[in-house]
């Protein structure tokens, strides 16, 4: 079956009322759980899993997928409005979305995120349809050395995110990497920093860390400083509509973010959280005036949102073409298919074309629905800001606790989020940037595990990083970028002199 | 006279059969909670749901599957024990937390003998040895020859230090008289990708993890660790007795139903009976097979024996690994 015929079959299948209704259900639910801080796609899909026994396998998959990519849309809403990432992937969206919302342009920030999410998804779908075969081969070709080198490049590229104070930035990244060490070391099996708690053996819960650093810390900060209320004030219609200047700033970041996300999404194990961070870093890198970032740059919303949405689409590539789930949520969806007696894999395209193409078509339909659903909702979301903080903040804390609990059902994680929130508040007081901590936390274990794994496989020969072409490319690119930044920094220092450093932590 | 005796014997038998039912009069008084140490949608979770669904019907009370993933299933048992005390809290678990966790973890927080009562084994799952489809290794003998060429000539992947895949590979290596380089990963997805990409040579894994890549022509299966051929992959030869392995070579993961130690023995007996009847249903057996498990009903004592046997067997493998380090 050709691509065109396949798509036609897919749309014919996905547009049947009995299937479409599950797509609508999925994306609507996805948006909602995305908006709620901490309650992520993982928890929602786990809860929906028993229901999938009673509906067809195709409809079940379409619904669960809808929850997954729908959550990426919703996650940005609370990030932008409340500096409270609905999902870890959207944490970075808060860096520029929140300042923009505080300056009275919440509507524009939301519009940007929705439009970028949609465009990123469309890009992801195009990549999925045209390049699925190539991407799945790339996913298999990537070895431990390649991942390690790529993550080093990512670290170098991202180390400048939102901090004009390099020492403070590095401190946060290193702290994040150290926190990433908590738990059982994959390579040696040694238990590190677990203080005798089995709950920490699998590491610190990412959701607890993200919600604590951003959400809970923000709530504490606002309780201490009630004058910060009344951000929203009166919302005039014109603040919802982006200016021509805003629109002009969107397309390129969306393309770059979407391309980056499409690539990272297809690589098993890297995930969409990383892709949105790296997209943000990339935008800051290529910007002519990087100092605008952290104060409400449209590019800082458009890039990451396009990236995490395209990654959510291409994450299906290894799952569907190889039967290899790239992240825990994909593993869950694969499990849902197996319950129905379907083993996803290279044979699926031939054995069940209506499932593969139906799913692809549902991505298109679902994203269109999300756009249609969310654009009119912008006004309603923004009015959330008019809820008095004395009602809003207790509610937020309840949702954060529920969300964190929903990941593993452990009270321990709720205590963790409270502790992390306190630390996050102290960090914010000292003007450290929590986004960098989160980045170190995500990247650190990936670098460590893959570096040591690559050396294990090469029997200790470090040349493996230069002998493998993919790895060599990333090593050289990382070195070049490092040199470039150093040269640039020296040049700037000469030009600007010792200007007072402005930092973008808040 | 004979008739009377026979009738009396029948009455006696009926009374005996009814005795446990009397002891647990009114049980279950409310919904049951079954703790699973793995996330929803995972193979152990699906297995638990396949068994608890008909069980709920038979007991006339709903059963809530409580997923408490973490630490290789240990968290699930810990949480079951925290919630215990009402005769309505149970768990299903894979073998690791009952056999090897006490060795591989600093402190599991529970004592298998003192805190847990086995109810029944539910199912077992063998592992297959898979290599890259383009590898020169044609069969198990070829694999042992290649692995024996020099120490650590071949690298294999597992799903973590002390995991079933790791220990099975080390047991295999010890029995075959070879030594292989262990590369720990965290999921079968990573292991199969790494073998397909030619980065590592082999891995022991659940048949369902290998199957999609075998069908796609990227992996090849050389042997299976069960005593008999496995219906999910009927063409894969049994390892026992081949390539210098002993005739009784067998390494299986299993999954069992457990209860907290203070559970009423009559309740344990009732559950054992019900679950054994459920596992006798061919439809249930088929569902289990589809996710890579073969039904293995039995007595509570049988499960207790299996725990003791496997603790000793894997303990020996762990001793050798520690000695080699």
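The backbone N, Cα and C atoms fix where each Cβ goes, and this holds for glycine too.
TrEMBL lists transmembrane segment at one of the ranges A:147-164, A:237-254, A:291-308, namely A:147-164.
Of all ranges given (A:452-469, A:470-487), TrEMBL attaches the label transmembrane segment to A:470-487. Among the residue ranges A:19-42, A:259-282, the one that TrEMBL annotates as transmembrane segment is A:259-282. When TrEMBL is compared with the stretches A:331-350, A:391-410, the one noted as transmembrane segment is A:391-410.
Fewer than three CB pairs closer than 8 A are found between the transmembrane segment (A:259-282) and the transmembrane segment (A:51-71), and contact between the two stretches is not assigned (pairs 6 or more residues apart).
Sequence-distant contacts of the transmembrane segment (A:391-410) (same chain, six or more residues past either end, CB-CB distance under 8 Å): 36-40, 42-43, 82, 84, 199, 205, 207-208, 211, 215-216, 219, 222-223, 384, 416-417. Spatially, the transmembrane segment (A:200-220) is adjacent to the transmembrane segment (A:170-188); three or more Cβ-Cβ distances between them are under 8 Å for residues at least 6 apart in sequence. Between the transmembrane segment (A:108-135) and the stretches A:51-71, A:170-188, A:356-385, A:422-447, A:470-487, the greatest number of Cβ pairs separated by less than 8 Å involves A:356-385. On the 0 to 100 pLDDT scale, the domain 'DUF112' (A:20-439) averages 85 in this prediction.
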